[in-house]
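*Asks:* Attaching a single structure in structure tokens format; questions to follow.
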Amino acid sequence: MASENMTPQDYIGHHLNNLQLDLRTFSLVDPQNPPATFWTINIDSMFFSVVLGLLFLVLFRSVAKKATSGVPGKFQTAIELVIGFVNGSVKDMYHGKSKLIAPLALTIFVWVFLMNLMDLLPIDLLPYIAEHVLGLPALRVVPSADVNVTLSMALGVFILILFYSIKMKGIGGFTKELTLQPFNHWAFIPVNLILEGVSLLSKPVSLGLRLFGNMYAGELIFILIAGLLPWWSQWILNVPWAIFHILIITLQAFIFMVLTIVYLSMASEEH
């Protein structure tokens, strides 16, 4: 455990606290006494999300600038494989015409993968540095284990769904889709509106909560192993779970990307 003075419950609770900023006073929030207000943001989630997004841009830009027509290096080959895989997925699932979808899918896949990958760092490494070197009261390093991050990304996808629906069908067509399906009669407009509204709103909610739930559970298992077992025996469970978690990390990034493509493809269909 990170501290001999902590009980397992204290240790687990400490690692589930975000570093928060109170926007009313622009001061850090005490995790032991959080204010009952909406005006707080998880600045650790924002920081790592932005840093990992910039890392993605820098890595891919550097590879693009150094790309050659000859024999590529190992890193360039890996990047090209990822790009080819994402591009193939877009061609298979998106049947409209848009230059935005493939770059969007690539960004989502790599960005979510990098955020998920933070879960494989030693559970106490960055929080220990933050507490003892920087004097921060709390730190969580997995942005995708924060429901605010995953729902914010899902909200961005939802806005694109609305944009493509209105762009391809027009305001009138989009309105008819909400009010005259599945029952094509004016008397069923209220029922149709409820059914289609729930169906539409469930897309971003399920998209965000699915990623959050899987990553939060994975993070919690690492914390439980570190908090409840002696340090010399943690590797017995940590190593197998970390190996299995690599699959979860990749799969969740892939699922988020695929559902985004599918939802945008459905929105782009002309009726």
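Keep in mind that glycine also has a Cβ here, set from the backbone N, Cα and C atoms.
What Swiss-Prot shows for this protein is this:
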- 1-39: topological domain 'Periplasmic' (TOPO_DOM)
- 61-99: topological domain 'Cytoplasmic' (TOPO_DOM)
- 121-145: topological domain 'Periplasmic' (TOPO_DOM)
- 167-219: topological domain 'Cytoplasmic' (TOPO_DOM)
- 263-271: topological domain 'Cytoplasmic' (TOPO_DOM)
- 40-60: transmembrane segment (TRANSMEM)
- 100-120: transmembrane segment (TRANSMEM)
- 146-166: transmembrane segment (TRANSMEM)
- 220-240: transmembrane segment (TRANSMEM)
- 242-262: transmembrane segment (TRANSMEM)
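If you look at the structure here, what lies around each of the features I listed?
*Replies:* Note on the topological domain 'Periplasmic' (1-39): DSSP counts are 8 helix, 5 strand, 26 coil.
Distant neighbours of the topological domain 'Cytoplasmic' (61-99): 105-106, 109-110, 164, 168, 257-258, 261-262, 264-265, 268-269; these residues of the same chain sit at least 6 beyond its ends, with a Cβ under 8 Å from one of its Cβ atoms.
For the topological domain 'Periplasmic' (121-145), the predicted model reports an average pLDDT of 93.
Across the topological domain 'Cytoplasmic' (167-219), DSSP assigns 47 helix, 0 strand, 6 coil.
Counting only same-chain residues 6+ beyond the ends of the transmembrane segment (100-120), those with a CB under 8 A from a CB of the stretch are 48-49, 52-53, 55-56, 60, 82-83, 86-87, 89-90, 94, 141-145, 149, 153, 160, 211, 215, 218-219, 222, 242, 245-246, 248-250, 252-254, 256-257, 260-261, 264.
Residues 1-2, 8, 11-12, 15-16, 119, 123-124 of the same chain lie 6+ residues outside the transmembrane segment (220-240) yet bring a C-beta within less than 8 angstroms of a C-beta in it.
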*Asks:* Could you tell me what the rest of the chain brings near the topological domain 'Periplasmic' (121-145), counting residues at least six beyond its ends with Cβ under 8 Å?
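*Replies:* Here the qualifying positions are 2, 14-20, 28-31, 42, 44-46, 48-49, 52, 112, 115, 211-212, 215-216, 218-219, 222-223, 226, 252.
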